[in-house]
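What Swiss-Prot records for N74, N111, N119, N266, N311, N348, N359, N367, N520 is N-linked glycosylation site. Sequence annotations record features per position, and here Swiss-Prot assigns repeat 'LRR 1' to 98-119. Residues or ranges marked as repeat 'LRR 2' by Swiss-Prot: 122-143. Here Swiss-Prot flags 218-239 as repeat 'LRR 6'. The repeat 'LRR 9' feature in Swiss-Prot is assigned to 290-311. The repeat 'LRR 10' annotation in Swiss-Prot covers 314-335. Feature annotation from Swiss-Prot assigns repeat 'LRR 11' to 338-359. Among the features that Swiss-Prot reports, repeat 'LRR 12' is placed at 362-383. Per Swiss-Prot, the feature signal peptide maps to 1-21.
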Amino acid sequence: MFPGAWLCWVSLLLLARLTQPCPVGCDCFGREVFCSDEQLADIPPDIPPHITDIVFVETAFTTVRTRAFSGSPNLTKVVFLNTQVRHLEPDAFGGLPRLQDLEITGSPVSNLSAHIFSNLSSLEKLTLDFDRLAGLPEDLFCHMDILESLQLQGNQLRTLPGRLFQSLRDLRTLNLAQNLLTQLPKGAFQSLTGLQMLKLSNNMLARLPEGALGSLSSLQELFLDGNAITELSPHLFSQLFSLEMLWLQHNAICHLPVSLFSSLHNLTFLSLKDNALRTLPEGLFAHNQGLLHLSLSYNQLETIPEGAFTNLSRLVSLTLSHNAITDLPEHVFRNLEQLVKLSLDSNNLTALHPALFHNLSRLQLLNLSRNQLTTLPGGIFDTNYDLFNLALLGNPWQCDCHLSYLTSWLRLYNNQISNTHTFCAGPAYLKGQLVPNLKQEQLICPVNPGHLSFRALGLDEGEPAGSWDLTVEGRAAHSQCAYSNPEGTVLLACEESRCRWLNIQLSSRDGSDSAAMVYNSSQEWGLRSSCGLLRVTVSIEAPAAGP
């Protein structure tokens, strides 16, 4: 805002204060009054009649007397924030026929009588958060026929009367989080057919009765996180046809019935983070085709069934981090074509199948950090065209020939990929080196002795046409690299890594049976293939045999 406009606005506020009466200890702005004077001993009796909103902040009076606001019939909003109010007399808010929003937050109110709210028939929102309420009368809300939002978070409620919410048929939001509830009475929510959000987070619930949520057919968001739930009834959610978001994290759930989520066709968000799950039943998410976000992190999963996510074709985010997963089936992510974020960090993965991510063409963020990976198979990222964030840190990477695909891929997309900093764990001479900075010639694999065939034609222009059969120490491969010189007279086929370690032993030349023959020759070739350039030098010395 420009300085001139700001000064103009402040001037108007000051002018408004000067031209209208305002209670002592309060500030008035148009139709709003803010009272924050610690010396204020009671509700001001001289609140202007045109005021619609009044807010008390950190005031010291402890009692709201009967019909304390009766001189202000136009009030629609009354708020007490962090005040010392601890007692509300019967009909404390009587005489407020237009009151729609009442809030008492952070006050030491510990109990309420049944008649405190008896005349608030226009109330739409009631907030009693972070007070000291230990119990509620069963008929406390019986006259609030049009109440839409009820906030009871952060109190000390241990139980709920069975008929407490019976008259709240228009209720849309109910917040009971951060209390001490250990159980829910049967039918407690039976009349709340229009409820859209229910928060039961951070209580002490160990189980939920079979029909506890049975009538909530309009419910869209359900918070059950931060409790002590160990098991869930197979039909607990069977009537929640409208449910879109479900929070079950921070519990102690060790088993999920296969039919648990089968009625939740509109579910888009599911968090099972921080439970005690060891397995996922096959078909658990078979009926949740609309799911977009799924978190299974901080459990004890050791593997994932191949068909676990088969029907989740719209899934955007999947979190499997902080488990004990050692192995992932080749096709476990096969149908996740819309997946953007995949977290596999902090598991025990030692190897990944080359085709594991092949259908994830929209994948942008992949976290593989803090596993036991020593290498990655060739081609594993070839279809991940949108990948820009790849976390690899905390793996024991062996920087030898088997890591050549990863280093080449990182160099190729160096300007597009972030978060790739990770270090070699071996071999010893590369330990601590940054993997993305390695050169191809540094990635060497030792070769175990074996047999490899090598065929050279026309070693020297002066030699007659013919061939030499050479025995080469190195393992004979079903070759991926076929090297040749430009003339095609020298052919060498071997694995890329093993062509670096050749020890050649010559057998007798075909047709040569002269023991007295002396032969000296040396030849160098530059051989090329799709694997790169290989330089080969062969020196042959055949001294005459003794008599």
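Even glycines carry a Cβ here, placed using N, Cα and C.
Not measured: the values here are computed from a predicted model.
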Cα distance, N311 (N-linked glycosylation site) to N367 (N-linked glycosylation site), nearest Å? 23
Drop a 10 Å sphere on every Cβ of the glycosylation sites N74, N311, N348, N359, N367 and tell me which sphere holds the fewest other Cβ atoms. N348
Which residues in the same chain, at least 6 apart in sequence, have a Cβ under 8 Å from the Cβ of N119 (N-linked glycosylation site)? D91, F93, G94, G95, L96, P97, H143
Simplified to three states, DSSP reports N367 (N-linked glycosylation site) as strand
Indicate whether N266 (N-linked glycosylation site) is helix, strand or coil by DSSP. coil
Within 10 Å of the Cβ of N266 (N-linked glycosylation site), how many other Cβ atoms can you find? Include all protein chains, please. 16
Long-range Cβ neighbours of the repeat 'LRR 9' (290-311) (under 8 Å; 6 or more residues past either end): 249, 265-284, 317-336, 343
Non-local residues, at least 6 beyond the ends, that sit with Cβ under 8 Å of the repeat 'LRR 6' (218-239): 177, 193-210, 212, 245-264, 271
Given N348 (N-linked glycosylation site) and N359 (N-linked glycosylation site), what distance in Å do their CA atoms have, once rounded to a whole number? 23
Other same-chain positions with a Cβ less than 8 Å from the repeat 'LRR 11' (338-359) and lying at least 6 residues past its termini are 297, 313-332, 365-384, 386, 391, 394
Which residue counts does DSSP yield for the repeat 'LRR 6' (218-239) in the helix, strand and coil classes, in that order? 0 helix, 3 strand, 19 coil
Could you give the Cα-Cα distance between N311 (N-linked glycosylation site) and N74 (N-linked glycosylation site), in whole Å? 55
